[in-house]
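As recorded in Swiss-Prot:
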type: TRANSMEM; residues: 70-93; note: transmembrane segment
type: TRANSMEM; residues: 156-179; note: transmembrane segment
type: TRANSMEM; residues: 195-219; note: transmembrane segment
type: TRANSMEM; residues: 291-309; note: transmembrane segment
type: TRANSMEM; residues: 346-369; note: transmembrane segment
type: TRANSMEM; residues: 385-411; note: transmembrane segment
type: TRANSMEM; residues: 433-455; note: transmembrane segment
type: TRANSMEM; residues: 531-549; note: transmembrane segment
type: BINDING; residues: Cys573, Cys582; note: [4Fe-4S] cluster binding site
type: TRANSMEM; residues: 589-610; note: transmembrane segment
type: TRANSMEM; residues: 664-686; note: transmembrane segment
type: BINDING; residues: His675; note: chlorophyll a' binding site
type: BINDING; residues: Met683, Tyr691; note: chlorophyll a binding site
type: BINDING; residues: Trp692; note: phylloquinone binding site
type: TRANSMEM; residues: 724-744; note: transmembrane segment
Amino acid sequence: MIIRSPEPDVKILVDRDPIKTSFEEWARPGHFSRTIAKGPDTTTWIWNLHADAHDFDSQTSDLEEISRKVFSAHFGQLSIIFLWLSGMYFHGARFSNYEAWLSDPTHIGPSAQVVWPIVGQEILNGDVGGGFRGIQITSGFFQIWRASGITNELQLYCTAIGALVFAALMLFAGWFHYHKAAPKLAWFQDVESMLNHHLAGLLGLGSLSWAGHQVHVSLPINQFLNAGVDPKEIPLPHEFILNRDLLAQLYPSFAEGATPFFTLNWSKYAEFLTFRGGLDPVTGGLWLTDIAHHHLAIAILFLVAGHMYRTNWGIGHGIKDILEAHKGPFTGQGHKGLYEILTTSWHAQLSLNLAMLGSLTIVVAHHMYSMPPYPYLATDYGTQLSLFTHHMWIGGFLIVGAAAHAAIFMVRDYDPTTRYNDLLDRVLRHRDAIISHLNWVCIFLGFHSFGLYIHNDTMSALGRPQDMFSDTAIQLQPVFAQWIQNTHALAPGATAPGATTSTSLTWGGGDLVAVGGKVALLPIPLGTADFLVHHIHAFTIHVTVLILLKGVLFARSSRLIPDKANLGFRFPCDGPGRGGTCQVSAWDHVFLGLFWMYNSISVVIFHFSWKMQSDVWGSISDQGVVTHITGGNFAQSSTTINGWLRDFLWAQASQVIQSYGSSLSAYGLFFLGAHFVWAFSLMFLFSGRGYWQELIESIVWAHNKLKVAPATQPRALSIVQGRAVGVTHYLLGGIATTWAFFLARIIAVG
């Protein structure tokens, strides 16, 4: 007789038909809240409706219901993303010069939008080359399409339709998993299973399928394109997949199929899975064979990682065990209890994810120019500048969001009674030391970084250039940064002998790569000017961290307001009779942090824009002489504040200011309009609520006189609402102003 362990019972992890589908709720704005559902008495109602519509915590305290709402909303978000993506591909198919660009990417600009001839605005359709008139785009889609092997507009149409189908599918999934088969709380908390599926499925199989697409479709098509074959002559993607002989003509080892893989003779595949480093001199992008190799390697790593965690089979890691074992001699209970926090507080989970994703997005910004991944991306200066700026802004917002949700976690989900002597408790107990030290660092960095500039401005104003900090007077060379550059430049001979070139040309050592007479990339020299602005970066980032971290660590209590947790995440003041307690809520710290995030990112993108125009981007003559856009003026001019104002902001704003009457005039209008939006924000930020309430009451009096007063009583925005509207317009106005300034400049000179 065989003794077998009893079969594990299959756990039912969904509830069937938990909530009936009804459109009646749609007709009842605010149905999620008893107060808001009553309808408006005052105009504050519409603001509360918007503030609370997605604040699922305030609608129910049932964690399972909150989880289901968030899960369902994610499908809605994915649906919108697919819809947007479909629109991008449709524009490429219907309104773009993609096929013309593909035939001559160095002389023809990418355009996917043609303005209708109404009120004379067809002036905006500039000549992008090849006889096509339209708006030059800087999103990088053309370069991605070429890299993925798209050769005609029909393929773009098909992809656009495919994305629409997926958008519909996601909408359906959002409805289905809330109304028909809603997951139980246990399913959302099963982190090992989630890790396995996300690592092996999303990242592992996702990377593997992309690597497969690159090898079987992108590489052969790009090989033909680089050789100058007419796109119409190139076999279609499915022909490469179905007919191995076609691929074997380009890569002979394909004739052997999978034999080398199973006989461990992997070097046979080195034709299309390379380890070259550097850039392809034809396109100025990374070698696509390097990229395919990278995705294959990443896929293996994630497929292994997706089998590491313990689920039904009793082998593998358990996250709870890992966290609880993680303690050192000086950290008390270490990470004990963190598992419970992260499986019951989605704010804590989201906070970590936002912090990591934000940092990763900023890493992406820096890799897009130093290791340009797509063909002809590096020589499209407008796209390079846009991609860097875009990813920097996104990263900044995500990191502030991380602090916001960390603070919401502290206020709503943190239970101090169950936490003792773990890392979080220890950090909270010595928060005064952390914040006061951080404050000292900010003061030190602020005075010293700005002080170096003020010294230079003073010496420059007094006509004493020999006493300035610059490469030609008192040098402050960034020796550590230069050492890192050299280490990487020498890596192919030393630490990475398999590579022929270092990871990025920017490290130094290598020659420049030019495509079609334009510089793609070259070694980037760092000097005193970079040393100075680097310390401004350090200063602004530390101040942002100070504000955000103070908001998180003092979200529940402070010496000023010991019971802050009872007042909630956002509140204007600690009630009447408590002077000097306004603007101390966790929300207010996020509000202030946003301004410093804006400062930080602005300095970074200004530094990038000027540095690249001065020391990297430009044209190259037949004799090999490089002429940079601003002629290398960064090293001398950017060492004074006056230099930044005069030689960067003012000198480079001439294109946007003089754009009227040209195809760039839309940027001139946006520059003006965005300045106005920015200035409009100051009206909300620099005035008090009482002022507006008094004004409104006068206006209501006039309406009553004329018997046209509305039933809904007008009210001034609350203090928090006013600041929210203010910071929104400040950021949108500032970002749109910068966008217009950058693009008008780089499209005109790039």
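In case you wondered, yes, glycine gets a Cβ from its N, Cα and C as well.
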When the number of other CB atoms within 10 A of each residue's CB is tallied over all shown chains, which of the binding-site residues Tyr691, Trp692 has the maximum?
-> Trp692
What residues in the same chain, six or more past the boundaries of the transmembrane segment (70-93), come closer than 8 Å to it by Cβ-Cβ distance?
-> 54, 56, 112-113, 139, 141-142, 145, 153-154, 156-157, 159-161, 163-164, 166-168, 170-171, 173-175, 177-178, 183, 188, 346
Given Tyr691 (chlorophyll a binding site) and His675 (chlorophyll a' binding site), what distance in Å do their CA atoms have, once rounded to a whole number?
-> 25
Helix, strand or coil at Met683 (chlorophyll a binding site) [DSSP, three-state] | helix
Would you kindly give the Cα-Cα distance separating Met683 (chlorophyll a binding site) and His675 (chlorophyll a' binding site), rounded to the nearest Å?
-> 13
Which listed range (291-309, 531-549, 724-744) shows the maximal number of Cβ pairs under 8 Å with respect to the transmembrane segment (664-686)?
-> 724-744
What kind of secondary structure is Cys573 ([4Fe-4S] cluster binding site) part of, going by DSSP in three states?
-> coil
Site with most surrounding Cβ atoms, counting all protein chains shown within 10 Å, from the binding-site residues Cys573, Cys582 | Cys573
Please tell me which one of the binding-site residues listed here (Cys573, Cys582, Trp692) sits closest to Met683 (chlorophyll a binding site), measuring Cα to Cα?
-> Trp692
